[in-house]
């Protein structure tokens, strides 16, 4: 269902913004500010994104705790504050750019998870490499240049800084720090994939506790098998040391006695 949302949201954002001047010329984000009309398409696009992130907050207590659970909480809180405040301060144009940039990479992450759960390893790895490339380019290159540089420098050409200027930039910097955190995990996985031809599962940001439970069960099963094998070997060794034949050469009768072969 998340793949469905990100797919619809991303292409909805493109459909809404493709003919808007600020998508191609970022200085247009501030032309006429703060007297910028709110188009109905932008309003519904904002409402779609804000409702989705609020739904993620409401379902947090019921979600499986993932490896980056704390970072996800910070991300959801910063995103909700950013969408809400940008709407109130009429930072609509810069807000739409932030949302469409973030949805671009998530369109590839969700199908990667799907094929990972289906055990389609080659398809999963191929999609993950595409996701990694889109994520690193969009979050570490396009986002700083299109959004951070825009809000930090271009906005100064139109008006002097006020509370909204500092608050919005602080939230955007928090998002960028989270981008760097997740990028480090992704780069580490790509590095392992290039060297070993496989990716470490515990480095994925979507590693779930259920996966860890399965690994623990497999480990316990191996330990039990090892103990059974050790017990069998020691029993045979004990019997042989006492001058008897090993159990392999004996036949057990129904009454419990042992018949020599």
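Our numbering is plain: 1 for the first residue shown, then up by one each step along the chain.
The backbone N, Cα and C atoms fix where each Cβ goes, glycine too.
TrEMBL: automatically predicted annotations, no manual curation.
Residues or ranges marked as domain 'TLC' in TrEMBL: 1-195. If you look up TrEMBL, you'll see 43-62, 127-146, 166-191 marked as transmembrane segment. Taken from TrEMBL, the feature compositional bias 'Basic and acidic residues' applies to 204-225. The region 'Disordered' annotation in TrEMBL covers 204-261. Per TrEMBL, compositional bias 'Polar residues' is recorded for 231-254.
Within the same chain, residues 68, 71, 74-75, 78-79, 81-82, 85-86, 89, 91, 94, 98, 128-129, 132, 135-136, 139-140, 143-144, 147-148, 151-152, 199-200, 203-205 sit at least 6 positions outside the transmembrane segment (166-191) and bring their C-beta atoms closer than 8 Å to a C-beta of that stretch. On the 0 to 100 pLDDT scale, the domain 'TLC' (1-195) averages 90 in this prediction.
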